[in-house]
Every structure is written in structure tokens, then in C-alpha cells.
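Reading through the C-alpha cells given below for one structure.
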């Protein structure tokens, strides 16, 4: 494609050339800075597909070169470039033979390729359509003028087909008959309905937009003004040469109407896109080179929480808070020249103090000199998406951490179960050897007992944490003597501490009668026991102090040791479940990693808080508070006065043991051997029901709960239907909340949890048999 560019501004010329070369294949461009040079290019015989002509040149106007090209009848399309949007300038250019025009405004250079393509196509089409008929409705009462006009057009403009009528009424008949005319030519003097009335009917009643040219005589300026107001498109004064001007006027008038159609289409398009932008869900803005908003749509105002119209004039930087993010507004000069797009994320704080994450797409805007004038920006609020991504990452990390800790916990549980089981089973095998003396037997028995307690403690911890997490633990308040509780703890843990080279100190604050509180004594005992045992485990030498003090309406307990301490970066995690299994410390030899988790839960259940301070290598201090309750005693636990086991005597009673586990039955039979008149053993609930129906002499039943055929609870219900007096004590391995209530509801008098403690079992039996005998 060969292009002639008439442009005296070197920057515009260079930018235009670069744009066209980059977008139009095989493009050759001659640049003429003056009219003279442009004419020289034409005189050399250069054949151009299109000429781009600036309007204002140093030695004339672009219309001069337009005239030169059209006089030589060169097959060159022409586009006029003008800095003014004046419609008269455009109309003049089109009358003189221009195919199109473009106003030099922002981004006009980027629009040139498409406009050039259209202009060349239109020009080539016009060459073909020069023989195409233009239908003209000619309204003229003078027959001589009609004949003269027809003959002139036949000779000089054969493509203009004149369809003549002599009155307005005839013209309206043809227009009403749906005959299509490209233009209406009418004389100002008509018989009957005059030309002004005819124009009015055409425009207002028929609502036709067909261009109208009024032919007038000299001195009819007022008539011309009136006709133009009514809707005439153009006028022509009758003179000696008016017929020679008429063909070009008709063509230019049709072109002018086409131009108006294009302009209206452009207005409609702009309105459509404006509506689209204003209703767009994303924020759309134009920002100048100083980052000042110069245009915003409602969605942008909503994002920045600014009232309508008040975002314009504000600086974007005043909202941005993510200073470390890559700025979308620091592009290179090359990016500016090529208007490249940039997309990045920024964080802002809007006027509602909301922190938002925005995805920003910017396109740099440049003027005809290639200088940046600002940015076209699209802001998309992705805060919810970013927050969701962060939450997913956190959830993933938590899941991975939980999985890791659980795996470590299971490994630790394997150790905590296998180690005592190794001791139990190993020393039981040794006890079977016949050559053991009494001292060895006593030593082995103590080891088995210690290992069994360790195993039971591990199981209890697992059960306790399960009950805590499922909300199946309740509190029972009772009168608690703190000094007595601390003395018992001291006595219990003193031997263990001493054997490990540790001095144990107790620090009570008040006298016994001055410190009586209502709390859950069992849970308080568990809290202090866990903390003291933990201190002993992690202290190689030195001392452990424990005690309490009164602070306002709270009792503050403490356990302080001189042990290995806790690393600063691990203090936050000591109360997390399974966490001990994750601490790589050779001192963490035993334990499930649940003790401190259970301790914290108990403290909170009793209305207190727990804290820890520690320094690695120097020791730790655990402190917890409990309310100094002075409320009336509620739900006090019953107290069973212990008696020496040799004082229990039930030799006048018959006992029925119901348990499907032979070992458990054998253990009970051994424990109670000699205490009862008679002991009967059955292994399922149905046999127990049948036996009780036929043997009313049974005084006491030890009923296992989980059994085949019929469970212990169902068996109890059946027995109670025919025997209300027999004492039934449930024995169960269940320890969850509600188990005791279920057995009592079924008809049991009491219950005891496995593993069975001989002393406790005898005390429970004694309490019920004594009560029964008292009632009798």
C-alpha cells in the first residue's frame, strides 16, 4: 500500500508512520511537510492508494492538494486531518471530494489503520457507483425549467435520475406511495401548497429524513432561513451557472446526510459505551500523570467509598497502603509509546477504613507527541478471593500440622502402651519361675503395679481429652480444705521427688480453718497432680515449690521448679494437645502429651485461668487462678468412711457375678473369696435373668454392662420387674458422661469402673449392704 502523508508536525508524522508500518503489511509512506512538496510527489507520477492531508500547512491548506488530486482524477482515496471538529470544515472537504475526515484528538493515530481501510474501500466502491442512479424527486411548476434540468443532467450527470412533478400534492402522492428517493429538489415557488408547507409536512407529518434542497431566486434570504429552520438540508440560488453547481450540491448533500448518520451512530455508540461503563461492576477510571482521578464510574466510587462525583480530583496514592507492591504507574517510555497494558495487585484503605485488595489493569494514554497523558484503569475488588485464599492456606497448614502432631502422638502412644506392657508381661513371666525368693517376688510385683498404673494413666488421659472435647465432663462442687489437699499431694509426691534428688516444698498461706472453698475437689487434685508430676519429670536436681495465695476474689496456685525450662519459641504451645510429642527433648521420656491440655481445660471449667513463665535452663513456673467461692454447698459428693478390708464381712450374703470375660470374673472371685456365703458366676444377661427368677436367695449382683445375648442394662431392667430388693452394682469399662446415669436409670444401686479397685469395691458393697440391713 502506498500512502501520501501531508503533515508539517514532525512528531505527528513520525508517530503516524511508525503506527502504520507496524499495523499495515507492505506499507510505503511518503511524507510531505508542505503543499509544494506534496504536489511534487504527485507530479512525479506516484500512484497513491490514499492521501492523509493535514488541514493547516505553512504554505497553504490541505484543501489545495485535495483539489489538485481531484482535478487530475487520480484514483486516490483522501482523508482530511484536522485539529477542529467544525462541521462546516468537514462538509467543505467532503464536497470537494474527500472520502472521510478525522479530528486530531487523543489516540487518533491508533484509529488510523481502520479508518484508512474503510476510506479505501469506500472510495473504490464510489468509483463503481459513479454509474449508479441517484433518484431525485424534482418539484417544479415551470415546465421549461424541468426540461432544461433533465437535459443538463443527462449530459453532465447521467447517474442523477430526475423524477419531476409540478405541485406539492403530486410530490406527497409519490412519497406516500413508498417510492424511495435519495434527494428532494424543490423550487421555492409552488402552486397550491407552497414549499414551506411541503417541507413542514415532509418533516413533521411524514417524518422523512430524505435530504431536501431548496432552489430560490435572488434576494430570498428570509425564505432560505425559514426553510432551513423547517428542515431543508441545503439551498441553491438560481443563477446563470446554477445547473453546473447542482450535481455536486446534490452529491454533497447526500454525503452530508450520510455524515450526520455516521455522527449519530457515533453518538449512539458513545452513549451505549457510557451506559456500559457506568453500569459496569468493576471500577473504571482515568488517572492523569500525577495519579489524580479525572474520570470515575459509580463502581469505582463504591470501591473507594466516595460520594458520587467526589472521587475526581483526589490522588490515588492517598488510598494505597501496600507500598511494597509493584506500582502499576511506573512504566517505561517504550511501554508508554506502545500503550502496553499492566496488571498487578494493590492494597488500599477506602474512606470507610476498609482494607481492600484490588486487581488493577492499566493502559497508558499518550498524546500525538507520544507523551503519557495518564492511565485508563480498571479496578477489580478481589478482597474476598484473597481472604479465601489465605483461609485455605491457613486451613491447609493447620490440617498438615494436626496430621503431623497426631502421627507423633500415635507414635508416642505406641511407646506409652508398649513400654508398661513390656514390664507387665515380662515380670509376670519371671513370677512364674519357681526359684524366686520373697524379696524378688515383692520387687517384681511392685514393678508390675507401677507399669499398670502408668498404662492406666495413659488410657485415662486419652479418655479425659475425648470427654473434654465432646463436652461430656461436668463439675461437682464440694467443700474443699486446701491445706489438707496440699498436704496429701505433698505426702504422695514426696517419695518420688526424693528418689530423683529433688527437694519438694509446700507453701500454704493461711491456717486450715481460714481457707475452705467450694470447688470440684477431684479436678483441683488432677490439676495440681499433673503440674507437680510434670515438674518432677523435667527437673534433674534442685527443688519444686507449690502452694497458693489469695488475690482479691481469687486463689492463685503455683508450681515452681528449677528444671530444664521451656524454650521461648515453644511456650505458646505447651497447652496444645499432643504437643509434647512434637518437642524434641531427651527429657520428655514419658507421657501422652495431653496432661497440660487436660489441666488447662479443667482450670477453665472451674472458672479460672492458667499461665506459664519459663527460662530455658533455669526452670518454669505454672500459675493458675480459681474463684474464691463462698456459695452454699451444692451437689456435695457423698463420703464413704473407709474401713480396713479385714473388717468387711458378708458371709451371710449370696453373690452373683455376671461377666462374659472369664478373666474379669476370676479376678472378682479371687478378690471376694471368703467374704460371701456363696459366689455364683454367669457369663451373659439372659442366664442372669433366668437364675434370679429361680433363686430368690441372691442378695447382691455384680453386673457387667457389655455382654452378648442381653446386655447388663437390659438384664437389670428385667430383674427389677420381679425383684426390687436385690442389690445390683454395675461394673463397666465405659467412662463417658451419662454412663453412670444410664445404669442407675435401669435399676442399678451403684456402679464401679474397671479396672476394679478391691478397696473401693468392698467399700461400695459395704455401704449398700449396711443401708439395707438398717432399713430392715
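Placement of Cβ uses the backbone N, Cα and C atoms for every residue, glycine included.
Because the structure is a prediction, the values reported are computed rather than measured.
As recorded in TrEMBL:
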- 2-119: domain 'Response regulatory' (DOMAIN)
- 135-253: domain 'Response regulatory' (DOMAIN)
- 269-341: domain 'PAS' (DOMAIN)
- 342-394: domain 'PAC' (DOMAIN)
- 412-630: domain 'Histidine kinase' (DOMAIN)
- 654-769: domain 'Response regulatory' (DOMAIN)
- 54: 4-aspartylphosphate (MOD_RES)
- 187: 4-aspartylphosphate (MOD_RES)
- 704: 4-aspartylphosphate (MOD_RES)
Is it the case that the domain 'PAC' (342-394) and the domain 'Response regulatory' (2-119) have 3 or more CB pairs under 8 Å, with pairs at least 6 apart in sequence? yes
Count the residues of the domain 'Response regulatory' (654-769) that DSSP assigns to helix (H, G, I), to strand (E, B) and to coil, and report the three numbers in that order. 51 helix, 27 strand, 38 coil
Least surrounded among the modified residues, given as 54, 187, 704, when other CB atoms within 10 Å are counted: 187
Between residue 54 (4-aspartylphosphate) and residue 187 (4-aspartylphosphate), what C-alpha distance do you get in Å? 38
Range from 2-119, 412-630, 654-769 with the greatest count of C-beta pairs under 8 A to the domain 'Response regulatory' (135-253): 2-119
Which numbers of helix, strand and coil residues does DSSP report for the domain 'Response regulatory' (2-119)? 54 helix, 29 strand, 35 coil
Using Cα coordinates, what distance in whole Å links residue 187 (4-aspartylphosphate) and residue 704 (4-aspartylphosphate)? 123
